[in-house]
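First the structure, in the form of structure tokens, and then the observations on it.
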Amino acid sequence: MSRPEVVNSVAALRAQVSDWRRDGLRVAMVPTMGALHEGHLSLIRIAREKAERCVVSIFVNPTQFAPSEDLDKYPRQLARDLDLLARVKADLAFTPTVGAMYPAGFATRISVGGPSAGLESDFRPTFFEGVATVVAKLFLQATPDCAVFGEKDYQQLCVVRQLCRDLDLPVEIIGAPTIRDAHGLAMSSRNAYLDEAELAVARRLNVILHKAAAALAAGTHQDDATGEANRALIAAGFQKIDYVEARESLTLAPWRRDRAGRVLAAAWLGKTRLIDNVDVPVA
């Protein structure tokens, strides 16, 4: 299996996409920060089903990290990533430098309202501004017909959809199911930070969220269901809970019982912050 072609300039990216367009080919994109795992590969497989050509960006975006977060520690392993991209037959890897994405004098930020309110934004107030800005740039650079994002980062998926609607970006946003290990833990590049004991605790997160979702579907009051989930997470060994909340699936507005919903959570194990979400069936 051969590795995909690698380009690190916007000009080279646009030239390749233009060649595909001249041949009448549909183009999909999967934005990533590298440190690829099976969750990412599942997104690329979906992209390959939706289009004849697939661009995967690998860029650790500094604007979505707060000063106290793990930008410097975030795993960077391009050679391994390219080998994995070969397995799923990605056509092009776009690996820009920070200087190429944010050259001297760069002064624009995109702020998305609506689904960005609360949840992650309460604890990472600059995160979605960084996400929206880099995603808009990537879409303008690659001009994909569609892009695939995982439901594991559910609020991010909703924010990207809002971004494309509001700015008339002609990109179809495809949400992909969360990929989990055999014990139900959502796959994440940050799982590599966990030791064996922490992994055992981390695998309780999905179980506890499913119990909360089932309780909500059965008629339990929101505060009772999410409060019990908070207590269960602490009892399981999580040191701190940032949030456990029920929101409407489409808008992330506060959940109403007659609407499809999601239970979303963020919790800490040592220095590692984990997020996950599960759906709440309509009653």
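The chain as shown is numbered from 1 upward.
Any Cβ shown, glycine's included, is placed from N, Cα and C.
Listed in Swiss-Prot:
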BINDING   33-40, 150-153, Ile179, 187-190  ATP binding site
ACT_SITE  His40  active site, proton donor
BINDING   Gln64, Gln156  (R)-pantoate binding site
BINDING   Gln64  beta-alanine binding site
Cα-to-Cα gap, Gln64 ((R)-pantoate binding site) vs Met33 (ATP binding site), nearest whole Å: 11
Alpha-carbon spacing, Glu151 (ATP binding site) to His40 (active site, proton donor), which is rounded to whole Å: 11
Where Leu36 (ATP binding site) sits in the secondary structure, as DSSP reduces it to three classes: coil
Structural state of Glu151 (ATP binding site), classified by DSSP into three states: helix
Candidate with the highest Cβ count within 10 Å, taken from the binding-site residues Met33, Leu36, Ile179: Leu36
Cα distance (Å, whole number) from His40 (active site, proton donor) to Met33 (ATP binding site): 10
Packing count at Ser189 (ATP binding site) (other Cβ atoms within 10 Å of its Cβ): 17
Around the Cβ of the residue listed as 'active site, proton donor', the count of other Cβ atoms that are within 10 Å: 26
Gln156 ((R)-pantoate binding site): tally of other CB atoms within 10 A of its CB: 22
C-alpha spacing of Gln156 ((R)-pantoate binding site) relative to Gly39 (ATP binding site), in angstrom: 15
